[in-house]
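Participant: Questions regarding the structure given below will be posed in turn.
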Amino acid sequence: SLSSAISPSSYAAIAAAYSARTPIFNKKKTAAVLSPLSLFHQSPSLSKTGIFLHRGRKESSSKFYIAASVTTAVPSLDDSVEKVHLPRGAMWSIHKFGGTCVGSSERIRNVAEIVVEDDSERKLVVVSAMSKVTDMMYDLIYKAQSRDDSYESALDAVMEKHKLTAFDLLDEDDLARFLTRLQHDVITLKAMLRAIYIAGHATESFSDFVVGHGELWSAQLLSFVIRKNGGDCNWMDTRDVLVVNPAGSNQVDPDYLESEKRLEKWFSSNQCQTIVATGFIASTPQNIPTTLKRDGSDFSAAIMGALLRAGQVTIWTDVNGVYSADPRKVSEAVVLKTLSYQEAWEMSYFGANVLHPRTINPVMRYDIPIVIRNIFNLSAPGTMICRESVGETEDGLKLESHVKGFATIDNLALINVEGTGMAGVPGTATAIFGAVKDVGANVIMISQASSEHSICFAVPESEVKAVAKALEARFRQALDAGRLSQVANNPNCSILATVGQKMASTPGVSATLFNALAKANINVRAIAQGCTEYNITVVLSREDCVRALKAVHSRFYLSRTTIAVGIVGPGLIGATLLDQLRDQAAILKENSKIDLRVMGITGSRTMLLSETGIDLSRWREVQKEKGQTAGLEKFVQHVRGNHFIPSTVIVDCTADSEVASHYHDWLCRGIHVITPNKKANSGPLDQYLKLRALQRRSYTHYFYEATVVAGLPIITTLQGLLETGDKILRIEGIFSGTLSYIFNNFKSTTPFSEVVSEAKAAGYTEPDPRDDLAGTDVARKVIILARGSGLKLELSDIPVQSLVPEPLRGIASAEEFLLQLPQFDSDMTRKREDAENAGEVLRYVGVVDAVNQKGVVELKRYKKEHPFAQLSGSDNINAFTTERYNKQPPIIRGPGAGAEVTAGGVFSDILRLASYLGAPS
């Protein structure tokens with residue numbers, strides 16, 4: 001009913017507006033009238049005979065009420081019309097087109113073409129109002145009850161929208177018929193809105209009656225166009241057929257038996273091959289117009305499918321189907337080929353844009369499949385929702401886990417009721433959720449410890465204060481007595497649901513899920529899983545929700561291991577690494593399911609960023625064209641957070657101590673670090689120890705194999721020996737490729753200075769050869785190995801024998817140094833000759849003496865048959881003397897310098913990281 005207190009003087013306005021029993025709605029099979037009704041103090045009950053306003057004074061008073069109701073006249077069949085049996089079964093194809101699909105004349109033509117081209121024997125088409133019209137109709141009601149005079153012009157705008165569409169679509173006769181009906185409807189609506197304006201209030205039945213006109217008009221327009229295209233078509237006002245009963249707030253239950261009877265009657269008078277039915281609207285058993293509430297048009301299509309036992313219900317939208325995750329949050333979400341009814345229900349409950357759960361119920365009764373398709377991409381097959389789903393990806397590969405999709409709900413709070421007094425006490429849960437019910441809150445998820453010590457549940461954040469207050473009041477005595485320890489609420493939470501019908505029969509799904517979350521450094525606050533195992537639900541921090549969604553989706557839907565890579569320092573080693581990644585990327589993805597995405601490359605001046613992955617075949621050109629000013633923090637934030645990949649690694653290919661100083665922070669943020677940069681591991685001991693301790697207690701990894709001898713597996717061998725219980729006694733090796741080359745070529749015919757110049761010309765030395773000859777680089781490698789062996793040494797604790805003559809250490813330029821170096825050849829020649837006379841050679845080595853807790857870098861003599869004397873070129877060599885390998889130390893030998901092998905060592909660390917993150921070994 002529509003009721004509002006008005007004064008007697010206001011009645012003149014009503015009487016002027018409405019004459020006694022004036023018809024205000026005259027349309028096929030629907031009647032409504034306004035008539036004076038008695039005015040009285042008590043709000044009257046709903047009239048069942050039409051829309052009436054009755055006037056009459058019950059007693060003297062300054063306040064009166066207007067009462068009105070809306071009813072739909074149910075069509076009665078003429079006895080002379082022979083009853084026709086309504087065929088049911090798979091010959092019926094149901095289509096539903098939303099407001100976007102019929103948003104313009106061109107789109108209505110497109111819909112009509114789709115319907116006509118459907119070769120089904122019989123078709124029923126459910127349509128929504130044109131795009132934005134439903135909102136416009138609600139706005140009319142809001143303006144009218146707010147006594148905003150602009151409601152009339154707003155209604156004229158709605159009429160004009162439909163008139164222009166009709167002019168574009170219809171021929172003369174059809175146009176005249178439609179415009180006549182439209183004009184009658186608008187007159188009716190103006191009268192009703194005027195009544196709402198005067199009363200200052202609109203009841204639900206009045207609102208439903210007004211809003212439903214959008215569907216009436218779009219259905220008529222589409223039916224005219226289908227007939228124009230040669231289709232045998234009638235339109236149906238579903239208020240004449242669908243009967244629903246209110247079922248609580250914002251819900252209705254279909255009355256299938258009564259609806260079937262009315263559908264039979266309607267079809268007897270309207271036999272046709274194609275029916276265009278209004279979505280969203282229906283009637284109550286008292287014939288009062290109502291709506292099907294949220295997602296009502298989808299619900300209409302599902303109900304009609306059930307009434308007709310249709311072969312299929314197709315929901316036409318503006319997306320290609322149901323996605324494995326929200327594509328706005330996960331850019332690589334895929335369209336699912338199939339979903340089971342249960343999977344679709346679970347995903348929609350947890351916020352996925354699939355269907356409202358109630359839409360699925362009618363079709364489930366008769367195993368009618370629902371297909372979600374894109375009207376703007378007819379080539380896309382869409383998603384089929386049916387009894388059984390198929391666990392396939394787009395390329396036909398079976399999903400190992402049978403997980404179909406992921407959905408999230410944000411803006412939740414987690415309430416925890418905890419206490420030892422809960423255990424074994426019957427009725428505790430009833431009391432808790434009774435208090436929640438009393439404040440009208442909605443519980444989204446429940447989790448209870450098996451010890452009965454605590455119950456936690458999630459509610460909308462907007463309701464958490466009321467719930468917490470109600471619980472504290474309900475359990476005040478238990479809290480004061482200590483039987484309950486707390487009623488705590490944790491705001492800023494989100495729910496992540498993992499859905500799949502076949503998860504119950506697939507071992508390891510939960511393990512895979514939580515492993516993915518752990519490796520993305522995400523903390524889970526609560527867990528819930530039903531015995532059917534259709535979904536696994538976790539509660540986590542809202543700020544982690546999108547990252548968690550990306551992490552689990554990546555684990556189940558992308559390559560087995562997908563890693564975001566950020567390259568710092570695209571110099572000689574960095575550029576070579578990028579080339580190696582480019583050449584190997586496709587092979588790794590195909591054979592090992594490892595997907596390495598370079599999301600950013602930064603130098604000291606410019607950086608190149610990408611949302612989906614840089615094309616490594618032309619990164620140099622793109623960086624020149626689109627590079628932006630370098631900023632290390634912005635670079636890291638982008639690589640870490642601006643994409644769909646959960647695991648991130650920063651590869652530092654510089655020799656910069658400033659970059660190395662960020663490693664600890666990156667590891668704290670869940671970013672893995674790989675580097676050939678020696679500065680962090682050979683820097684201050686306390687910083688090194690903090691770095692190593694952080695790595696051990698977190699799920700982040702710090703790999704630095706290439707810091708000692710490029711790509712040779714020195715670090716991993718050392719760690720393997722220690723982890724298996726061996727004890728390091730001594731590590732000795734030639735760790736400089738430059739100095740290895742120099743002493744391998746320092747023979748009787750060539751002075752030392754000449755060999756140094758040759759090494760520089762060949763690219764083996766640093767721009768200033770003194771950086772190599774000073775031995776500092778070797779000392780850094782020795783300190784890295786010493787610390788890796790458990791020795792707590794500083795770089796200053798390592799004595800280093802410099803090969804740079806004392807007088808030449810202060811010379812400004814490298815060129816001047818090389819010019820003066822020959823003056824000191826005699827000293828090196830004498831050392832070489834002394835060694836040769838003893839059957840030995842000179843080698844520049846680093847030594848870790850673990851027994852005596854020290855290290856040294858020095859020029860040392862070795863017998864010619866010693867492995868260290870057998871080197872050639874720039875090879876490096878290392879020998880581990882341990883308790884197990886004491887008499888015959890294992891030796892690792894190979895190239896120890898050069899961009900290719902150093903980049904290869906870094907690449908090997910990246911693949912080791914991928915293996916740790918789940919890639920097959």
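The backbone N, Cα and C atoms fix where each Cβ goes, glycine too.
The annotation active site, proton donor is assigned in Swiss-Prot to Lys781 on the grounds of sequence analysis. Taken from Swiss-Prot, the feature NADP(+) binding site applies to Ile573, Arg605, Thr654, Lys678, Gly763, Glu766, Gly898. For Ile573, Thr654, Gly898, the entry in Swiss-Prot reads NAD(+) binding site. Summarising the annotation, Swiss-Prot assigns NADPH binding site to Ile573, Thr654, Lys678, Gly898. Among the features that Swiss-Prot reports, Na(+) binding site is placed at Glu705, Val708, Ala710, Leu712, with the record citing similarity to another entry. Taken from Swiss-Prot, the feature L-homoserine binding site covers Glu766, Asp777. Residues or ranges marked as domain 'ACT 1' by Swiss-Prot: 417-489. What Swiss-Prot lists as domain 'ACT 2' is 498-575, and the listing cites sequence analysis. For 88-339, the entry in Swiss-Prot reads region 'Aspartokinase'. Under the heading region 'Interface', Swiss-Prot lists 340-567. Look at Swiss-Prot and you will find 568-921 tagged as region 'Homoserine dehydrogenase'. Annotation source Swiss-Prot lists transit peptide at 1-87.
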Participant: In angstrom units, rounded to an integer, how far apart are the Cα atoms of Lys678 (NADP(+) binding site) and Val708 (Na(+) binding site)?
Facilitator: 8
Participant: Closest of the recorded positions to Glu705 (Na(+) binding site), Cα to Cα, picking from Ile573, Gly763, Glu766, Lys781, Gly898?
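Facilitator: So, spelling it out, the nearest of the recorded positions is Lys781.
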Participant: Per DSSP, Gly898 (NADP(+) binding site) is which: helix, strand or coil?
Facilitator: coil
Participant: Can you name every residue in this chain, apart from Glu705, Val708, Ala710, Leu712, with its Cβ inside 8 Å of the center of the Cβ atoms of the recorded Na(+) site?
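Facilitator: Counting only non-site residues, the set is Ala706, Thr707, Val709, Gly711, Pro713, Ile714, Ile715, Asn876, Gly896, Thr902, Gly905.
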Participant: Among Arg605, Lys781, all listed as recorded positions, which has the most CB atoms within 10 Å of its CB?
Facilitator: Lys781
Participant: Non-local Cβ contacts of Thr654 (NADP(+) binding site) (under 8 Å, 6 or more apart, same chain)?
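Facilitator: Those within reach of Thr654 (NADP(+) binding site), by Cβ under 8 Å and sequence separation of 6 or more, are Val568, Gly569, Gly571, Gly574, Asn677.
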Participant: Provide the three-state DSSP residue tally for the domain 'ACT 2' (498-575): helix first, then strand, then coil.
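Facilitator: Reading the DSSP string over the domain 'ACT 2' (498-575) gives 36 helix, 23 strand, 19 coil.
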Participant: Near Gly898 (NADP(+) binding site), which of the recorded positions Val708, Leu712, Asp777, Lys781 can be found within 10 Å, Cα to Cα?
Facilitator: none
Participant: Are there binding-site residues among Arg605, Val708, Gly763, Glu766 that sit within 10 Å of the residue listed as 'active site, proton donor', Cα to Cα? If so, list them; otherwise say none.
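Facilitator: Checking Cα-Cα distances against the residue listed as 'active site, proton donor', the binding-site residues within 10 Å turn out to be Val708.
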Participant: Can you check which residues sit near Val708 (Na(+) binding site), meaning Cβ under 8 Å from its Cβ, same chain, 6 or more apart in sequence, and list them in order?
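Facilitator: Listed in sequence order, they are Ile714, Ile715, Phe735, Lys781, Ile784, Leu785, Asn878.
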Participant: Over all shown protein chains, what is the count of other CB atoms within 10 A of the CB belonging to Ile573 (NADP(+) binding site)?
Facilitator: 26
Participant: Work through the binding-site residues one by one (Glu705, Glu766, Asp777) and point out the residue whose CB has the fewest other CB atoms within 10 angstroms.
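Facilitator: With the binding-site residues Glu705, Glu766, Asp777, fewest surrounding Cβ atoms within 10 Å: Glu766.
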Participant: Given the binding-site residues Gly763, Gly898, which one has the fewest other C-beta atoms within 10 angstroms of its C-beta?
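Facilitator: Counting other Cβ atoms within 10 Å of each of the binding-site residues Gly763, Gly898 gives the minimum at Gly763.
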